[in-house]
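What TrEMBL records for 363-375 is compositional bias 'Basic and acidic residues'. Summarising the annotation, TrEMBL assigns compositional bias 'Polar residues' to 391-405. The compositional bias 'Acidic residues' annotation in TrEMBL covers 410-425. The domain 'EGF-like' annotation in TrEMBL covers 43-82, 83-120. The domain 'TSP C-terminal' annotation in TrEMBL covers 485-695. The annotation region 'Disordered' is assigned in TrEMBL to 331-435. The repeat 'TSP type-3' annotation in TrEMBL covers 251-286, 309-344.
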Amino acid sequence: MIGCLSANHGRGCQSRPLFAIPCKQRAGTLWRRREGRTSITPVRNECIPNPCFSGVTCTQTSTGFRCGSCPAGFTGNGTHCTDINECTVNPCFPRVRCVNTSPGFHCDPCPIGYIGKRVDGIGLNYAKSNKQTCDDLNECEGGASPCPANTVCTNTKGSYKCTPCKAGQGGPCKSERRCPNGAISKCHENADCILEQDGSTACVCAVGWAGSGILCAKDTDIDGFPDEKLRCSDVKCRKDNCVTVPNSGQEDADRDGIGDACDDDADGDGIPNMQDNCVYVPNVDQKNIDQDDYGDACDNCRNIKNDQTDTDKDGKGDVCDNDMDGDRIDNTRDNCKKVPNPDQKDSDGDGVGDVCDSCPKVKNPDQSDADHDLVGDLCDTNQDRDGDGYQDTSDNCPSVVNSDQLDTDKDGEGDECDEDDDNDGIPDISPPGPDNCRIVPNPDQLDSDGNGIGNACEGDFDKDYVDNKIDVCPENAEIKLTDFRAYQTVVLDPEGDAQIDPHWIVLNEGMEIVQTMNSDPGLAVGYTAFNGVDFEGTFHVNTETDDDYAGFIFGYQDSSSFYVVMWKQMEQTYWQANPFRAVAEPGIQLKAVKSTTGPGEHLRNALWHTGDTLNQVKLLWKDPRNVGWKDKTSYRWFLQHRPSAGYIRVKFFEGPELVADSGVILDTTMRGGRLGVFCFSQENIIWSNLRYRCN
C-alpha cells in the first residue's frame, strides 16, 4: 500500500491524501509527490530535532527552517542566544550587589539602615525603568529611641548618632528650635518658621506634610491636605478626600466624602464617569438632545453642539449667547466679542476693538500672530534691546528689564525706570524721599508707628485690598493670587494629525491644571508676566499606560522663546525621524528654547531630544541620576528665577525627600516672561496646588 506520511504539523496531507489513499500521521519526515510521477520523495523536517535555542519556536520553510526571537533576557539570532547582563545598567541601589541570572537579574536587599524592596526582572528596558530604591530608615522616629538616656538621637544616612544633651535645652533633652528673628519656634517638628514682611512669624508645614503649621501630618499626594484629620480649625487641617491623587480644590460633586479626582462616579447617579455624559451632574436618563458630548443636565447650549466655552460665565455657552462677553453689546455689533468693551473704541478702524486688537494702532483685521506673543504680525518688530519680552516700541522701560510692565501711576513710564512710581511728589529713593509708600500716593508721608512704612500702605503695600501676608505680589496691585483660569493655548507642532492637541482642564480657582490627552507638544500659558518669580507646584501622572514628557515653563515670551523643565520616564527615540533623529533620555531636563523656526517639526524633535539642537534648544541642566518619574507618584517642584541676574534654580521633592537640585544655573536667554505647564505625548497629568510669588 502506498500512502502519504505527514509530519506532526502537516495539514496538507490530512486534507488531500495522495491517490485517495488514507494518510497516516507520523512524526519525522514529510513526503512530497514529484510532478508527473507516481513516485514520492521524502522531505526532511528541519525542525526535528529543534535546532533553535531552548524555548524558541522553529518554523519549517521551503528552504529549511526559521527560528523565532530569543527569549526575554537573551540576545541573538534565535539559533544561538546569549544572556543579557542587566547589571551593566546599574539597576541596583548603590552599595547593593547586582546578580545577573540566566535570564534576568536581581538585587540584594537594601543595606542596613535603609528600607526598600528587592528588585528582580528580565531585560535591559525593565532594568532601566525599575531601578531599586532604598530609603533611609529613620531610627530616631516612632517608638523607643535607640540611644541611651540623656542623649539626642540624630538620624543620618543609613544610620544614626547619639549625642549628649546640651546645657540650656528644655525638658527631657528637647532642643529649642528658633525662628529667623531669634524667637523660640512654636511650629511642628515637620514645619518651618518663616518671617513675614511685617516682621511677624508663621509656621509652614514642610514638603510632604500638611496642616496649620502648629500641627502637621503626612500628605502623601502633596496637595496641601493631610492624610488624616488634625485637631485644628484651619481648612488645611481637614482630611484629604483623595489621599493618593492630588486635588488641591477638594472638589466633591456628590458630597459623599470621596473627592471627584478619585471617585469613579463623581455625581453619584449610578453611572460610572467613563460612561456618564454629565460627570458632575446627576442625570440617570443621560438625555442629550444635540448629541454632543454633554448631557442636557450639564449642557450650557442644549440644542447646539458646543465645547462648553462660556466667556462671561453666565451659564449660557458662547455659541448660543447673543452677548458672549456680557458687555451688553450684541455679538453682531460687538468689535470685541469675547472681551468686554462697552466703549467699542477702535483706534485703527480695522473693525477690532482696541482691548482685543493685537495691533491697536495698525489695521490687521485677521489678527494673525504667528509667534503667539499677543502682538499681531503686522506690528511685531521683535526688536527688544533689554530682552524682557516686550518689543521696544511698546516697552514702558525699553532699556530696563521689566517683564511685568507695571506702571502704577499710568504715566507711560514703567515703575522700574520711574523715579516717582505713584506720582505723589515724593521720589522713590532720592531726597526728599525715600517714599514710605512707594506705590500708594501719600504726600504727607504719615507714619504713626515709625516703622518706616506709611499709614496709607501699612499691611497692604500695593493697596489692592489683599493683605500682604496672602498677597502673592505685595508690590503689584494687578497680581493678587495664583490664578491660571485665563490661559493661552500654544500648540508646538500644529501641522499633521499624528496626535491631537492637548485638552486642558482648570480647577481650584486656577490653582490646578489637568491635561487628559495623549497629545502633540503643547503649552497652557498664563497671561501674567513676571520679573523675579518663585513658582512651585505638585506634579503627578495619574496613569500607568505611558512614559513620555511632562513639566512646566517659565520666562515665556513667545512660542519660540521660553524655558522648559521637562521630565521623561523612559528612554525613547521619537517615532518620526524627520527632520532629524531625536532621542529622549529618562530624567529631569532644563532647556532654554530659542527657536528660529517656531512651532513645527524642527522644534518638536528638538524638544524631544535630550541635548542641544542648533538654532532650536539648549540643554542647561540634566538630572545626573537619569531617573524617570514614577506612575501615580506626586512630586513637588520649587523654581527660583531672577531674570535681571540670569539666576535659575529648580528643586524636586518626592514626599519630604529632595530628589533633584539643579544648583545655580546662570542664563539670560529670556529675561522674564510668563508661566505655564508643558506636555508632550503624555496623558492624565495633574499640576496641583500651584503657587507663584513675585520675588
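Placed from the backbone N, Cα and C atoms, the Cβ positions cover glycine too.
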Long-range neighbours of the domain 'EGF-like' (83-120), counting only residues six or more past its ends (CB under 8 A): 71-75, 126-128, 130-137, 139, 157-159
Intrachain residues whose Cβ lies under 8 Å of the compositional bias 'Acidic residues' (410-425), provided they are six or more past its termini: 395-397, 399-402, 435, 437-443, 531
Tally of DSSP helical, extended and coil residues in the repeat 'TSP type-3' (251-286): 3 helix, 0 strand, 33 coil
Cβ-Cβ under 8 Å with the repeat 'TSP type-3' (251-286): same-chain residues at least 6 beyond its ends: 240-242, 244-245, 293-298, 507-508, 686
Intrachain neighbours beyond the compositional bias 'Basic and acidic residues' (363-375), with Cβ under 8 angstroms and 6 or more residues off its ends: 348-352, 357, 382, 389, 391, 394, 488, 490, 557-560, 598-599
Secondary structure composition of the domain 'EGF-like' (43-82) [DSSP: H/G/I, E/B, coil]: 0 helix, 15 strand, 25 coil
